[in-house]
Amino acid sequence: MGAGRFAPSPSGPLHLGNLRTAILAWLFARSTQREFLLRIEDLDRVRSGAETTQIAELASLGIDFDGDMLRQSDRLPIYLEAVERLKARGLVYECYCSRKDIAEAGSAPHAAPGAYPGTCRNLSASERSAKAQNRPAALRLRSEVNEFSVHDELFGDYTGAVDDFVLVRNDGAPAYNLAVVVDDAFSSIDQVVRGDDLLSSAPRQAYLATLLGHPIPSYAHVQLALNAKGQRLAKRDGAVTLEEITEQGVHPANVVAVLLESLGLPSTSLQAALEAFDPANLPREPWIVEPENIVQQLMPRASGN
Ligand code: GLU
């Protein structure tokens, strides 16, 4: 039996967009008889207390998980061991470039815009030791492809750039793309459901999985929640976190109902939504959130109304 997962970064309380993605990931997993796992992606952007809050919030919505929760910060040696395996095959090199160096170098010919131009790919040992005087090295993948294709259940076939992306940052922390691939394989996750802002990362991750000898999971990148200006929903948009909404007297079950409604699903319960769930019928456009309207809609009706 395979598994799906929800993998929040504990950077703050969950907002309506994160919760909607969590519900979708749960629906995809449960409707395909998969286990559903929770992973805390706390390699950076951590806010103290956020993990505990997020776990309580997911439980309050009725999203249940199987198995043990994984916390990435507990697993640092495992990521570095994967890098050692790649290194032994000559697939890793030290990179001394700053962001500024990369921006100034511009893109290599035939490379995708923004792709690492390969400045440090072929340094000699003496060039490396000279550069190492000024800056600790990040570790990059010596990619043998420029692009890679994946299949997404909602987007169809998707081909995206694969450059020599960072595996280990120059502060020694494993990079997101590495940790995701190692963890998904470790947990036998064969279904990745997440926001479509990560669609362009899927080719890199799928390619890395292949190099590490792991199967490529199935992907479903779901539409994000956006504000009225079409930007990704964020705290600046008003009362968009579950915390802010429930503080105004709204019950979490009503939040679930609004989220399910936004997905065109029966809104009486997660269970009812699960019975009706069919990915083919999901909305194909982002969900536009106007926090004032949502909170208004969710507020317990004052008497006489
Ligand atoms: N931690 C990432 C996020 O919160 C999700 C990573 C993933 O699902 O692969 O955006």
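A Cβ is built for glycine as well, from the same backbone N, Cα and C atoms used for every other residue.
Annotation for SER9 (L-glutamate binding site): same-chain Cβ neighbours under 8 Å, separated by at least 6 residues, are GLU41, ASP42, ASP44, ARG45, VAL46. Feature annotation from TrEMBL assigns L-glutamate binding site to ARG5, PHE6, ALA7, PRO8, SER9, GLU41, TYR176, ARG194.
The annotation domain 'Glutamyl/glutaminyl-tRNA synthetase class Ib catalytic' is assigned in TrEMBL to 5-269.
In the predicted model, the motif ''HIGH' region' (8-18) shows an average pLDDT of 94. Among the features that TrEMBL reports, motif ''HIGH' region' is placed at 8-18.
Residue environment of TYR116 (Zn(2+) binding site) contains 21 other Cβ atoms, counted within 10 Å of its Cβ in all protein chains. Residues annotated as Zn(2+) binding site in TrEMBL: CYS95, CYS97, TYR116, CYS120.
TrEMBL lists 232-236 with the feature motif ''KMSKS' region'.
Contacts of LYS235 (ATP binding site) defined by a Cβ separation under 8 A and a same-chain sequence distance of 6+ are given as GLY12, HIS15, THR241, in order along the sequence. The feature ATP binding site is assigned by TrEMBL to LYS235.
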Among PHE6, TYR176, the one of these binding-site residues whose Cβ has the fewest neighbouring Cβ atoms within 10 Å: TYR176
Structural state census, the motif ''HIGH' region' (8-18) (DSSP three-state): 3 helix, 1 strand, 7 coil
Residue numbers, six or more beyond the limits of the motif ''HIGH' region' (8-18), whose CB comes under 8 Å of its CB atoms: 40-42, 44-47, 50-51, 53-54, 57-58, 195, 224-225, 232-235, 240-245, 255, 258-259, 287, 289, 294
Number of helical, extended and coil residues in the motif ''KMSKS' region' (232-236), per DSSP: 2 helix, 1 strand, 2 coil
Contacting binding-site residues for ligand 1, chosen from ARG5, PHE6, SER9, TYR116, CYS120, TYR176 when the Cβ sits under 6 angstroms of any of its atoms: SER9
Site extent for L-glutamate, whole Å (max Cα pair distance, ARG5, PHE6, ALA7, PRO8, SER9, GLU41, TYR176, ARG194): 16
